[in-house]
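What follows is a short report on a single structure.
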């Protein structure tokens, strides 16, 4: 039902400020989940099970982190047919993020630019929201560092968040690739990444012993990487036996949107313009890690064929964000069906 109404809703939402529309949609989804009205949103999406990271996904099409930073609308989002949901990024302490305006639509390019800056209510409230959700599917919890934490002490924030979210996560994503937190992408450097992942894997094992379950770790990386950086990241993932990698986050490049309104705004660009760059990173990374580190492909998916292209590049699963905002819940079903056809062809 909601899928058929979404084009009308989008026309109204796109007349609003981008961030105001975002908050309004999240509030509506959150209310639907809390009141049981989520059944009215329920989408008919076929099952297409896939096992990755030792987890069985209802289908391989997930929601990327960033849409629901505080985990406040999990049940409403779950009704839309996603095979898994990822919420966050959350930081140890609440923080407001960057000054507004900080989210911009580029409709001519079917793109968004954001410089949100990990705005969230902090990990304690995040955990309460996750615990309150009735959803029992695969749930990824995405963690980051506070803006005022020195980059040299970033590991402390990640370790703290990992400990807090671990009991409630199907998997935990380590976000080191947002361009909107100063110096964060430095953690993708070989030495910095090696030290961070070593600390996180040690913590993961101790938490697994404590809770009696091993929660997989996924690393989220940027598309703005050269071949040597991709190789170094691949080697580090293999060395530390990280369970998955999410490729990719938003790009700093503006090559595909030059001259468009808002194109010069600072922040990360997502949507169609990042599709090819994301796929290229997926291909190169897959050549390095093979099947040992599953890749979750995200970036510029607007059709079932786009989702299939991610898998052809080497991804095991895909996630939607900007395409979902532009096309609505119908995109979820379209992607699942396209992938299912590919597997039975």
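Backbone N, Cα and C define each Cβ position, glycine as well.
Substrate binding, as stated in Swiss-Prot, involves 114, 115, 116, 117, 118, 175, 180, 249, 250; the candidate among 15, 69, 310, 337 given for that site is 69. Per Swiss-Prot, FMN is bound by 65, 66, 67, 68, 69, 89, 142, 175, 248, 271, 300, 321, 322; the candidate from 203, 213, 220 named for the same site is 220. Checked against residue 321 (FMN binding site) by C-alpha proximity, the recorded positions 115, 117, 175, 178, 249 yield 249 as the nearest. Sorted by the number of other CB atoms within 10 A, the binding-site residues 65, 67 start with 67, the lowest. If you take the Cα of residue 142 (FMN binding site) and the Cα of residue 117 (substrate binding site), they are about 14 angstrom apart, rounded to a whole number.
Nearest to residue 117 (substrate binding site) in space, judged by Cα atoms and limited to the recorded positions 65, 67, 69, 178, is 178. For residue 220 (FMN binding site), the count of additional Cβ atoms within 10 Å of its Cβ stands at 26 [all protein chains shown]. Taking the C-alpha positions, the distance from residue 67 (FMN binding site) to residue 178 (active site, nucleophile) comes to 14 Å. Around residue 142 (FMN binding site), a 10 Å sphere centred on its CB holds 27 further CB atoms from the protein chains shown.
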